[in-house]
């Protein structure tokens, strides 16, 4: 029974890592466009900064000296995600249209490094187990929930414009599948800080897919939108 339990945990975590990779690769078309144009145009670098901070905090939560026994598959997926976000931010800074934008992104990046360093230091300096896991878990859960809630603005845009151009299907599907996998992983581990935010991610991902199914037919029937692509 323990063997089956271990296999189930591992399978759910690996599935979450695979679907997360699809999310991490999703901005590649955006940055192909940026590199080709040698300009960030109207793209916003803030989502990549927020994703980087979220990945760093969740990576810290997955390490064995923070979580009891460690959450290896949480650490691997978020460590990988942090590297992807750093690459995207580097391209954004390099191709930024103005010195002001470049300095703003670099300033926010330095602020994120400070926030993460303070969180990591505080967790080690002021907390022992199990309080350390509780502290970092609360921070990581708040970060994850804010990340999963961020598409609410895009969902509102889809409803107002009846256009799904700004909500790519495969991005929504990957979010749903990744959240479902990690929700199962958290439930199997009985880890509240993993399964709760991912259950919320499942709900929001399902809502996005339902909106896509409903409005994509209207959008295709009405022709493609001429609105500029934002990310």
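These residue numbers are counts, starting from 1, taken along the chain as shown.
The backbone N, Cα and C atoms fix where each Cβ goes, glycine too.
The transmembrane segment annotation in TrEMBL covers 6-25 (among others). Residues 72-74, 76-77, 80-81, 84, 170-171, 174-175, 177-178, 181-182, 184-185, 188-189 of the same chain lie 6+ residues outside the transmembrane segment (6-25) yet bring a C-beta within less than 8 angstroms of a C-beta in it.
According to TrEMBL, the transmembrane segment annotation covers 46-63 (among others).
Through the fold, the transmembrane segment (75-96) approaches residues 16-17, 20-21, 23-25, 27, 31, 34-35, 38-40, 43, 45, 48-49, 51-52, 54-56, 58-59, 62-63, 102, 105-106, 109 of its own chain, all at least 6 residues removed from its boundaries and within a Cβ separation under 8 Å. Per TrEMBL, the feature transmembrane segment maps to 75-96 (among others).
Residues or ranges marked as transmembrane segment in TrEMBL: 108-127 (among others). Long-range Cβ contacts of the transmembrane segment (108-127) within its own chain (Cβ-Cβ under 8 Å, at least 6 residues beyond either end) map to 46, 49, 52-53, 56-57, 60, 65-66, 89, 134-136, 139.
Residues or ranges marked as transmembrane segment by TrEMBL: 133-157 (among others).
Among the features that TrEMBL reports, transmembrane segment is placed at 169-188 (among others). Same-chain residues lying 6 or more positions outside the transmembrane segment (169-188) and placing a CB less than 8 Å from one of its CB atoms are 5, 8-9, 12-13, 15-16, 19-20, 22-23, 26, 73-74, 148, 151, 194-196, 198-202, 204-206, 208-209, 212, 216.
Summarising the annotation, TrEMBL assigns transmembrane segment to 194-215 (among others).
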